[in-house]
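Working notes, structure below.
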There are 2 protein chains.
Amino acid sequence: MSITFQVHRRDGAARTGSLATPHGVVETPMFMPVGTQATVKGLTPDQIAATGATIILGNTYHLTLRPGDELIAEMGGLHRFMCWDKPILTDSGGFQVFSLTSQRKITDAGAKFRSHIDGSPLELTPEKAVEIQQNLGSDIAMVLDECPPGDAPPDAMRDAVRRTILWAERCKRHHTRPDQSLFAIVQGGTDLDLRAECARELVAMDFPGYALGGFSVGEAPAAMHVALPTCAALLPDHKPRYLMGVGRPEDLLEGVAAGIDLFDCVMPTRSGRNALAFTYDGPLRLRNARHRRDPAPLESGCPCYTCGHFSRAYLHHLFAADEMLGPTLLSLHNVAFYLRLMADARAAIVDGRFGLFRDRCLARWHPAP
Amino acid sequence: MSITFQVHRRDGAARTGSLATPHGVVETPMFMPVGTQATVKGLTPDQIAATGATIILGNTYHLTLRPGDELIAEMGGLHRFMCWDKPILTDSGGFQVFSLTSQRKITDAGAKFRSHIDGSPLELTPEKAVEIQQNLGSDIAMVLDECPPGDAPPDAMRDAVRRTILWAERCKRHHTRPDQSLFAIVQGGTDLDLRAECARELVAMDFPGYALGGFSVGEAPAAMHVALPTCAALLPDHKPRYLMGVGRPEDLLEGVAAGIDLFDCVMPTRSGRNALAFTYDGPLRLRNARHRRDPAPLESGCPCYTCGHFSRAYLHHLFAADEMLGPTLLSLHNVAFYLRLMADARAAIVDGRFGLFRDRCLARWHPAP
């Protein structure tokens, strides 16, 4: 096992910890910016690091299609290829197979489907998912799982859980890379019995870390917030817990409250490209004409490059004029905001006031009517 | 007059100098990256400064349309609005009026035309061009000129020169901002008698600097290279000379050889967005499949951020995957290359070997058949 994880402080179910990987230590709870195609969209590695990010996520499905995991291995691995020398976690491609591809056929052997780029026929098996991630050389790899939509019928959900357990075992058996850790993924939707069964089986296999999958696929946020504490408690206390693909700032706070350590989501970068900025005072839509003459920064007191240099008026202008720099500067602020939120959450846990911190944030973002 | 200019060393007609402005000193010959809409496309001010740029260009026509020069003045001027604290030169909008707008009507009073954004009717007069640039607060402003295409009939060219002289005088009379210098523009196409007449009239008005206009509008490069030495020699020796909107690396070297001090062109950023990189070994098209597995940087020995971090394989991948970071990284390298070319030209002039430097570059870029 190439990672170590230590829990430091607790505040209810919330906890701080350190996750040591071959490329450095990650303080948890932590948010991982998403670098789908070997780039966090619009940001250089220097800009990403300047937001305070200490770990990013790469997408196995996208990278095996383009430029190809063997090419990346030949170029010295994903860290060197994209020039990011801090930790990387790669997903297994399962989620993308179930959300992006067409003509899917899932059997116990694996998934057959058509590429979303050129329609060419492809196959992803548990073994193949491991091989790809070993080629990429991420610090943390994920097992291949089946990700049915949140509203899948009970039979489909049960079958997905059975297959996820089967595939996890095959991934573990096939995994050999000593400088990479393989995490398992618990599925089961909002059926807590199914989640418990899935977790029990996977915990028995003794993975170095565990994720909750299936919460980003059409799950209503309220249902997720209710299910999260129970689901998180199904995972071993002394191992890192990762809530995949979630989410909004409020979802991260609910996750931290439930005892989650790691998060990822495209929201800060995707919203940034769409002129939506996150702040402690709630979201700002920079295309809105009311920002046209506003000399204030996005968020006063924010130490990011964008807030340290530019006015809302300038950012409004960049989006009105369709300039590339707008998406870059807003993505940069949003990623920095997510990481500041996590840093503030860690500080609040250490001080034993995380509940208060969360409640104050939620009250600001969703004021009572 | 708010600038001072000193010629330091000469090598034939080529010369080095220092142009001191209210926002800092510019060593010449110098290339100015183009920041059309208050942003050098895809680059943050920090990234622009890291390329070695010490002066950039802003476009009066674009900025008065969007976000508006009065708004920029309200926000503290263009330097503060876009967070660039080094010198800025603004053009007068003449070139854009003649190349981008529709339903143009030119009289001695000024130009009436339709906006290229929304078709709304607009008017630009010499006085208005000065007022806009005073609102922007650039270090160097340009007079409004008439820019006929290079193949305009002799009568039209003569009329444009007459009007350019008339407008220059009105601009000078209207200009009041003490921390801004106003440069005149010599027109006349490839008719050297007309150029001489235009230069004579404008030089008599004693502007602090002079530009050659009309060479980027459909002029054949060979004809420009022939005309340049004569045209440059028409401009006062002790004042800065600026060749507007030109051009390719080889055109810059011909300009320097003719005694030009300042250049601007969208080529390094526009080519960067189109996956074309400039190097001393000639251009590279990064979409070409031969770069797919190439671990080498764009240009070995180039000190720019792109070459210091990324392989051609990675840059090829970014363009193949249509990722924003590709245009940003290539624009960054190209601007840095143009500035390195100028720095190398200055060093060659100081050493009295500029002719050799130019000939070697041209031989590499256009090898004999």
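Glycine too: its Cβ is placed from the backbone N, Cα and C atoms.
Checking TrEMBL for region 'RNA binding' across the ranges A:112-118, A:133-139, A:245-251 points to A:245-251.
Residues A:Asp91, A:Ser92, A:Gly93, A:Gly94, A:Phe95, A:Asp145, A:Gln187 are recorded by TrEMBL as substrate binders, and the candidate that the same record lists for that site, out of A:Gly52, A:Gly119, A:Gly214, is A:Gly214. In the record from TrEMBL, residues A:Cys302, A:Cys304, A:Cys307 bind Zn(2+); the candidate from A:His238, A:His333, A:His366 listed for the same site is A:His333. When TrEMBL is compared with the stretches A:149-153, A:269-273, the one noted as region 'RNA binding' is A:269-273. If one looks beyond the region 'RNA binding' (A:245-251) by at least 6 residues along the same chain, the residues whose Cβ comes under 8 Å of a Cβ in the stretch are 95, 213, 215-217, 221, 224-225, 263-265, 267, 278, 337-338, 341, 361-362, 365-366. Of all Cβ atoms in the shown protein chains, 23 besides its own fall within 10 Å of the Cβ of A:Cys304 (Zn(2+) binding site).
Around A:Cys307 (Zn(2+) binding site), the C-beta neighbours below 8 angstroms that are at least 6 residues distant in the chain are A:Pro297, A:Leu298, A:Glu299, A:Ser300, A:Gly301, A:His333. Around A:Gly94 (substrate binding site), the same-chain residues six or more apart in sequence whose CB sits under 8 Å from its CB are A:Ala111, A:Leu124, A:Ala129, A:Met142, A:Leu144, A:Asp145, A:Glu146, A:Cys147, A:Ile185, A:Gly213, listed in sequence order.
Per-residue confidence over the region 'RNA binding' (A:245-251) averages 94 (mean pLDDT, predicted model).
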